[in-house]
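Reviewing the structure listed below.
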Amino acid sequence: MATSSLLFLLVLSSFSTASAAFTKPRQVYVVYLGEHAGAKVEEEILAGHHGLLLSVKGSEEEARASLLYSYKHSLNGFAALLSEEEATALSARTEVVSAFPSNGRWSPHTTRSWEFVGLEEGVRGPDDTGRLPPGDKAGGEDVIVGVLDSGIWPESRSFGDEGLGPVPARWKGVCQGGDSFSPSSCNRKIIGARYYVKAYEARYGAVNTTNAYRSPRDHDGHGTHTASTVAGRTVPGVAALGGFAPGTASGGAPLARVAVYKVCWPIPGPNPNIENTCFEADMLAAIDDAVGDGVDVMSVSIGSTGKPLPFAEDGIALGALHAAMRGVVLVCSGGNSGPKPATVSNLAPWMLTVAASSIDRAFISPIKLGNGMVIMGQTVTPYQLPGNKPYPLVYAADAVVPGTPANVSNQCLPKSLAPEKVRGKIVVCLRGTGLRVEKGLEVKQAGGAAIILGNPPAFGGEVPVDAHVLPGTAVSSVDVNSIIRYINSSSSPTAVLDPSRTVVDVKPSPVMAQFSSRGPNVNEPNILKPDVTAPGLNILAAWSEASSPTKLDGDNRVVKYNIMSGTSMSCPHVSATAVLLKSAHPGWSSAAIRSAIMTTATTSNAEGGPMMDADGTVAGPIDYGSGHIRPKHALDPGLVYDASYQDYLLFACASGGAQLDHSLPCPATPPPPYQLNHPSLAIHGLNGSVTVQRTVTNVGQGSARYSVAVVEPMGVSVKVSPRSLSFARTGEKKSFRIKIEATKGRGGWRVNGQFVAGSYTWSDGVHVVRSPLVVLVA
């Protein structure tokens, strides 16, 4: 077998067998060898994989039995059951780039939103949505978006195929049958569906079909929600449970075709409906098939937990690299671990990483306290307290059972409330540990009448809404403190919970979601992450009718549409934008599409002020990257920053010395990571000065002359040369240099040990091509 680059993914999962041949513990491993070496038919690739396995296995039969997946279309490799010794032996071979376990440390990052994106474009009018007109060819028809998630509910009206033309002739995928899903479940909208379960079952055993369908059908709801956000059809008369958020539901690219790749499955445990897990080996098989099937864009609302993995051991990053080489745009969620810094995941520069922010819609629910104060909560629970009268009010910390830890006594955790202290009362609980909806369930089970769920200080004024199993509402950290002060000041505190209603044009908006994971980039701080932000707070989209709106055991309500929050919801907004660009500019590279989305993003809210964090402070690039997406602007960006597969390999060489492809050995001194031709710029540990080169490509109509404007970060000098760029034709490239220098003052460095932000912007009077600049001064 040729020693040039191959991608091997060996899946190793804890496994035991009575066979003498498998006496050592085995796990699923991914062995990565880079890009395919020349054109090979699938049989040759599979034979090569078997040959490598045979080199560490005792027999041909054992080698074939251990193989789970053979990756053939984009990345080259396989997933197999191996012992640690076998994986080590394979990793020592010269053709192997990396071998790493598939541990299941990945999980999903859990109507009006597209109208609001239109407002962020900076124009207002009767047709100011972020989408293109449905009749426009650039509205996404014949573009294929692959969704890696928990599957799909195909009967949803959001996936009807009325008025769509034939399935694109270039489509090579399949509609895989299984539990409650047949090949006829696909149509001209859902043109393909597959499921991947081998690595999951190697770890957990057979799928429990009580909690999941062993098929592309979605039992969870998450996959249906994300798929309909990116490409759901326009469906009038839609609302969440209780009639909230009424109106027309539509994905950002309603004419795009959907290909479903189910890779996430329930974690066995007391409530498997709550949390899903996704294994690298299964996800890589899905990415590989998606590229072979012919998808144009992949939407992946999934991320890893714990410390980010090196690029050479990051399954999504490796799959995304080989997809990008073939022109496929891969969009990922950034995670829900904010506002703590350095928590963002999906960190490679060849993928588009998305933060989450609010839209201008709220579900206001007045709370009238016994002292006359009125506080505005938010809720989408369909239940109301009878009688519209005052009910006794109690703080959870004053109503817990003995032995409840003091640090969580106010959080309404399971079995923490004393029934005799909460029966018939409105219970004030705080967010923090545990699920929001589970806190409502605890209040109900203890006999409480309703819940007021308050934010701790870290979450500020951001209020995610839930369809609780009892009456209730949620309030900001400032407002819950007012309620607690009232309770402490009154011998018999009471409150009235008025019915909730949907309101729009809430100001200011957007606001960065506090849950949205923040930068800097832990793996490579010279690449800014996240890249952009998009709507991710209280988003209405289609839902699985096998899943209740809360997913809690005992909640038997069935809904067709549900409201969810998370970067999982913001990711498909950006995926849809990539679909629109792919439709309008089919010849653009994945890097060019990412660049167009990033350089046309805005850092202002819909009122023209700076975008804010939910705690009231001004947000910045560490929170939102380049800013909030503007799909229509992205269609005509003027200039783009392009990059190739070889550029990314050189970047990986410089970033931790990762040689991702043996066909391109790492040079002794690769260019620093910040020299990657990327649409944003981050300099980590600036000591003195650095000079960075960037190259832009004119994608406007014909000749143009651009001038640069610089906003210098505090304590940093930024000089761009030349200060103007002239283009004679479309497609022409021009390079420029940026000299960045830390400035000295009387007291030494003016800025020390913190990130400071600025920007450089090219404009020809029509296009504005903005790049954020983030610097950490050493």
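Backbone N, Cα and C define each Cβ position, glycine as well.
Here is what TrEMBL says about this protein:
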- 1-21: signal peptide (SIGNAL)
- 28-102: domain 'Inhibitor I9' (DOMAIN)
- 140-605: domain 'Peptidase S8/S53' (DOMAIN)
- Asp149: active site, charge relay system (ACT_SITE)
- His222: active site, charge relay system (ACT_SITE)
- 392-482: domain 'PA' (DOMAIN)
- Ser568: active site, charge relay system (ACT_SITE)
- 675-775: domain 'Subtilisin-like protease fibronectin type-III' (DOMAIN)
| task | Using all protein chains in view, find how many other C-beta atoms are within 10 Å of the C-beta of His222 (active site, charge relay system). | result | 29
| Over the domain 'Subtilisin-like protease fibronectin type-III' (675-775), what does the predicted model average in pLDDT? | 91
| C-beta crowding around Ser568 (active site, charge relay system), within 10 angstroms | 30
